[in-house]
Amino acid sequence: MRRMWGVGCWMMGFLLLGAQAADLLYRSGRRICSSGTRIGSVWVTQSLVQPVYKPLITVCEGLRVCSTYRTTYKISYRQISRKMALPLYSCCPGWWRAEGHSCSQVSCPLPCHNGGACVGYNQCRCSEGWSGVHCQTDVDECESGQHHCSQSCINTSGSFRCGCSQGFYLSDDGGGLSQSGEDHQRPPNTPTASSDRDG
């Protein structure tokens, strides 16, 4: 079998193999959003269609034997790199990537103050004694009646302390009253749970 290649008879086709390109990219999904495009390289399969001429013996006019050619096509493939516009992905607002390929950490654009923890986009869980969107506001336990002090309540930053009338002082446990001539204050590191704030 004899093959002949035609110079001007090349036909080219490109098949983008989706699986190969997608493996290189982050996909849109849970907490992952499209943020534009970028020019990048992807591997594509290029198909080349080439004519193949096969000799053929046939009967011509006048019962003569003639030789001619029949054209068939051979397809071959090769992998090549192409520049293409590829989607860019990033974490959706309120999330960030701590490690790996997932957006698993919640974020707050402004930090949570005074020991608060970020629990959702721009949502803080405040430590006891604090309130506000970013835990920036002191809760006035004395004004709100959350103190249970028996004589007087003094609001402090993130907490409160109980005060005593003249002739009384707070006992060592910070909750009871004893008679004396001084005003003692609760230590600043006293736990702030409501059961520990009684005085």
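The backbone N, Cα and C atoms fix where each Cβ goes, and this holds for glycine too.
Under the heading signal peptide, TrEMBL lists 1-21.
Break the domain 'EMI' (29-105) down by DSSP state and the numbers are 3 helix, 61 strand, 13 coil. The domain 'EMI' annotation in TrEMBL covers 29-105.
Here TrEMBL flags 104-136 as domain 'EGF-like'. Only residues 6 or more beyond the boundaries of the domain 'EGF-like' (104-136), in the same chain, are considered here, and those with a CB under 8 A from a CB of the stretch are 31, 93-98, 158-159, 192-193.
DSSP assigns Cys108 (disulfide bond) to coil in the three-state reduction, outside any helix or strand. If you look up TrEMBL, you'll see Cys108-Cys118 (among others) marked as disulfide bond.
According to TrEMBL, the feature disulfide bond maps to Cys126-Cys135 (among others). Within 10 Å of the C-beta atom of Cys135 (disulfide bond) sit 21 other C-beta atoms, taking all shown protein chains into account.
What TrEMBL records for 175-199 is region 'Disordered'.
A coil conformation is recorded for Cys126 (disulfide bond) in the three-state DSSP classification, outside any helix or strand. Per-residue confidence over the domain 'EMI' (29-105) averages 85 (mean pLDDT, predicted model). Cβ-based neighbour count (10 Å, all protein chains) for Cys108 (disulfide bond) stands at 18. If you take the C-beta of Cys126 (disulfide bond) and look for same-chain residues 6 or more apart in sequence within under 8 angstroms, you find Cys112, Asn114, Gly115, Gly116, Gly132, Cys135.
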